[in-house]
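These notes concern the structure reproduced below.
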Amino acid sequence: MPYSPPSEYEAGKDHNHHLPPPSPQSKVGQRKPGGWKSMPYVLGMESFERLATIGLLANFTVFLMTVFHMTQVSSSYLINIWSGVGNFTPLVGAYISDAYVGKFRVIAFSSFASLLGMMTMTLIVAIPALHPPSCTPQQTHLNQCQGPTTLHMGVLILALGFLSIGSGGIRPCSLPFGVDQFDPTTDEGRKGINSFFNWYYTTFTIILLIALTLVVYIQDSVSWVWGFAIPTILMVCSIVLYFVGTKLYVYVKPEGSVFTGIFQAFVVAYKKRKLKVPDANEIVIDVKFYDPPLKGTYDIPKLPLTDNFRFLNKAAVILNGEITSDGSRVNPWKLASIQQIEEVKCILKVIPVLVSGIICFIAIAQQGTFTISQALKMDRHLGPHFQIPPGSLAVFSMITIGIWLPFYDRILVPSLRKITKIETGITLLQRIGIGVVFSILSMVVAAMVEKMRRESAVHHNQSAPLSVMWLVPQLVLMGFAEAFNIIGQIEFYYKEFPENMKSFANSMFFVTVGMANYFSSALVMVVHKVTGKNGRPDWLTANIDAGRVDYFYYVIAGLGVVNMIYFLIVASRYEYKSKMEISEDESRFDVELNNIKI
């Protein structure tokens, strides 16, 4: 999902910490950055890879329901569980990249894993023995189609496993690897980074539109074999293009993962849990905190010791024998720095906001599951000869985002800035909260449309003659929810985390999405088992016309209202990072947000 790129200043700061000590392989001064010379290969690889993966999976619900003959509930289970795995694996990929092998090797390995997954998916639809037998329209109407066997599901899960490994390495590393090709210490390099962000998200939006239209149309109207084979061929092109540019790339050596420092802070705090420590602003001669100068970083402000989550402060208390003669610590698992524990506090502080995003994502996720089920039972004709593929409906959300974001950024924000005196027009938490409201409205509208569709289908005793365009209002509202909440969350994490934790901040967004996928799967399971008593079919029964998906949408909307109340409480108590941040050159950070609350 595309969002507004960070400013040139932020982009430059974000990746300075990746610069390693001087070495022939990694120091920018030793080897001139590839810059824009390497961009055709980096962006080309990215474009082919994203077109391949998105094109392969944009129509996945339809694939499961028409080729594997799975019910809407079972297909929803599989998609939510697999999506959850795919959103947690980037944490593993980021850790391996930062701590051990570097971004280039992780991307290379993950690309081959994605290729294996795509090849397996293509074989599934090409070889009859790897998928259930085809079904006649009458069998489909009577729900008599043969479902997948253990072999079929085993091969499918193997393919999805390869794809999860691929996304786990490509997602967290591709963008930083592109930024590594520019020198952030020069004005030209910083401008290049900013332009790269623009090109990166522009190409992402274009690729998404192509995948949701052309590739989905091929899968839906030509054949699934070609619909999966074309993305597989594109993935081969991506890998070839990636390796062609190897002589131009700058390879930044891994410096260690931020996860290690987080674990160390918790371990040391637990070991020293019986210590008594003073307040952060209280001076006690016998108590000293470990606060060494930052090394291997550029322009990263040190964080002051605070009283938030005071139990962590114990980890920075210096005891006898923990410091060497040169002032360095003897064992990082026995003593943590103030910077370390304050970085952990940043994570703990944003967790309540992260939790509020889960319910919002559940609403947004429905456009890839039950919205598709609705579309399959509606009139999808656009003219006498063309039918809109169900998987292409998400394009309406993308169009909404594409039209709204430029208007919001260029017209609305400058106008609001004059009124609120806030650089971003409204606070980031206000933007997230507006997205929550739109997610609730989208579920209410979706429920109303589903009630109308179901009544039409029951009245005509067949698929509803209702046009699929009736689904557009809920998709537009979901687009607004994404534009406000999702993009707001990404920017919130980016700005509220210290400069050397930006990659981790990006991973927090994927964690939120992953948790929402699992919560959505659990919600579907509960609704499926609890409803439908006294001889009535459950709300999410295989025959959507006999179920009550509209009630399910209302349940999500109700959870959204509760979540909105929770979010307002959390937001009213939140203090933005700018109040805490200090720097040796404070004038450099005058551009930071003012200390404001929602």
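Positions of Cβ are set from backbone N, Cα and C atoms, glycine also.
Automatic, uncurated: that is what TrEMBL annotation is.
Positions annotated as region 'Disordered' by TrEMBL: 1-33.
Annotation comment: TrEMBL describes 51-71 (among others) as transmembrane segment. Away from its own ends, the transmembrane segment (51-71) comes close to residues 78-79, 114, 118, 121, 125, 131-132, 135, 145-148, 152, 156, 163, 166-167, 207-208, 210-212, 215-216, 219-220, 224, 227-228, 230-232, 234-235, 238, 368-369, 372-373, 376, 389-392, 394, 542 of its chain (Cβ-Cβ under 8 Å, at least six residues beyond either end).
TrEMBL lists 77-96 (among others) with the feature transmembrane segment. Sequence-remote contacts of a segment are chain residues at least 6 beyond its ends whose Cβ falls under 8 Å from one of its Cβ atoms, and for the transmembrane segment (77-96) they are 60-61, 64, 70, 106, 110, 160, 163-165, 167-173, 257, 259, 365, 368-369, 503-504, 507, 510-511, 513-515, 517-518, 520-521, 524-525.
What TrEMBL records for 108-130 (among others) is transmembrane segment. Within the same chain, residues 45, 49, 52-53, 56, 67, 93, 151-152, 155-156, 158-170, 173, 224-225, 227-229, 231-232, 235-236, 238-239, 242-243 sit at least 6 positions outside the transmembrane segment (108-130) and bring their C-beta atoms closer than 8 Å to a C-beta of that stretch.
Taking Cβ pairs closer than 8 Å, the transmembrane segment (150-170) reaches residues 49, 53, 56-57, 68, 82, 85-86, 89-90, 92-93, 96-97, 106-107, 109-111, 113-118, 120-121, 123-124, 129-132 in its own chain, all 6 or more past its ends. The transmembrane segment annotation in TrEMBL covers 150-170 (among others).
The transmembrane segment feature in TrEMBL is assigned to 199-218 (among others).
Long-range neighbours of the transmembrane segment (224-244) within the same chain, counting only residues 6 or more positions beyond its ends whose Cβ lies under 8 Å from a Cβ of the stretch, are 41, 44-49, 51-53, 55-56, 59, 63, 67, 107-108, 111-112, 114-115, 118-119, 121-122, 124-126, 215-216, 218. Taken from TrEMBL, the feature transmembrane segment covers 224-244 (among others).
What TrEMBL lists as transmembrane segment is 346-366 (among others). Only residues 6 or more beyond the boundaries of the transmembrane segment (346-366), in the same chain, are considered here, and those with a CB under 8 A from a CB of the stretch are 80, 83, 262, 303, 308-309, 429, 432, 435-436, 439-440, 442-443, 446, 478, 481-482, 485-486, 489, 492-493, 496-498, 501, 504, 508, 511-513, 515-517, 519-520, 523, 553, 556-557, 559-560, 562-563, 566-567, 570-571, 574, 577.
According to TrEMBL, the feature transmembrane segment maps to 386-407 (among others).
According to TrEMBL, the feature transmembrane segment maps to 428-448 (among others).
The transmembrane segment feature in TrEMBL is assigned to 468-487 (among others).
Sequence annotations record features per position, and here TrEMBL assigns transmembrane segment to 508-531 (among others).
The transmembrane segment annotation in TrEMBL covers 551-571 (among others).
When each of the listed stretches 199-218, 428-448, 508-531, 551-571 is scored by C-beta pairs under 8 angstroms to the transmembrane segment (468-487), 428-448 comes out highest. Under 8 Å from some Cβ of the transmembrane segment (508-531) lie the Cβ atoms of residues 73, 76-77, 80-81, 83-88, 90-91, 171, 347, 350, 354, 357-362, 365-366, 486, 489-490, 493, 538-540, 548, 551-552, 555-556, all in the same chain and six or more residues away from its ends.
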